[in-house]
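Comments concern the structure below.
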């Protein structure tokens, strides 16, 4: 049996947990090694973010946008507009784990069921009244809350969530994310803008073929928000 000297035993007890923590550390976190890494958007994205733009080419505009100062384009049939400020609009967000959107939900409008695979999110209401909610992936329990001006609500990462305007004026909110590129999958587009035959979609959703064909016609020609 191999025995250790007291000093060696102490070092072993300290270094092994420390090395384990280092192995678990997020090596993709660019902030650990440099002040920032402005995205070079001409190069492909990677699991740890975009490659860095040369520091001499970086300007203040790489960290700035006014896109949230006004509503974005309205997406039919949801009657909602979306303005995004992620790494594609603000290259300086690359690797920082932050991004945001402005959502303007017109009267009768909705933000449909969707997920952000790469980020948790919170919504902060600037104006109006809305119903916000998400669905647990483990229990299928829905957690909903009526939100008014000044309220904040959290959507855990990857879970289906939505918002509905409950008032007769436009509801406005700022949504913040824990990723520079949170990703987006809208359930309606996933189900009805795909290339699966209508009979296959009908079988896996238990929706009649006629209704599937109607929804495919509705969503198949729509622009997917980004």
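Even glycines carry a Cβ here, placed using N, Cα and C.
Remember, it's a predicted structure, so these values are computed and weren't measured experimentally.
Feature list (source: TrEMBL):
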SIGNAL    1-33  signal peptide
DISULFID  37-52  disulfide bond
DOMAIN    66-213  domain 'Cupin type-1'
BINDING   114, 116, 121, 161  Mn(2+) binding site
BINDING   116, 121  oxalate binding site
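Sitting within 8 Å of the Cβ centre of 114, 116, 121, 161, and not among those site residues for Mn(2+), are the Cβ atoms of 115, 119, 134, 155, 159, 160, 182, 184. Counting neighbouring Cβ atoms within 10 Å of each of the binding-site residues (114, 116, 161), the lowest count belongs to 114. Annotated pair residue 116 (Mn(2+) binding site) and residue 37 (disulfide bond), C-alpha to C-alpha distance, rounded: 23 Å.
Per DSSP, the domain 'Cupin type-1' (66-213) is made up of 25 helix, 58 strand, 65 coil. The two recorded residues, residue 121 (Mn(2+) binding site) and residue 37 (disulfide bond), have Cα atoms 23 Å apart. Comparing residue 161 (Mn(2+) binding site) with residue 52 (disulfide bond), their Cα atoms are 33 Å apart once rounded. Residue 37 (disulfide bond) sits 29 Å from residue 114 (Mn(2+) binding site), taking the CA atoms of both as reference points. Just so you know, of the disulfide-bonded residues 37, 52, the Cβ with the fewest other Cβ atoms around it within 10 Å is the one at 52.
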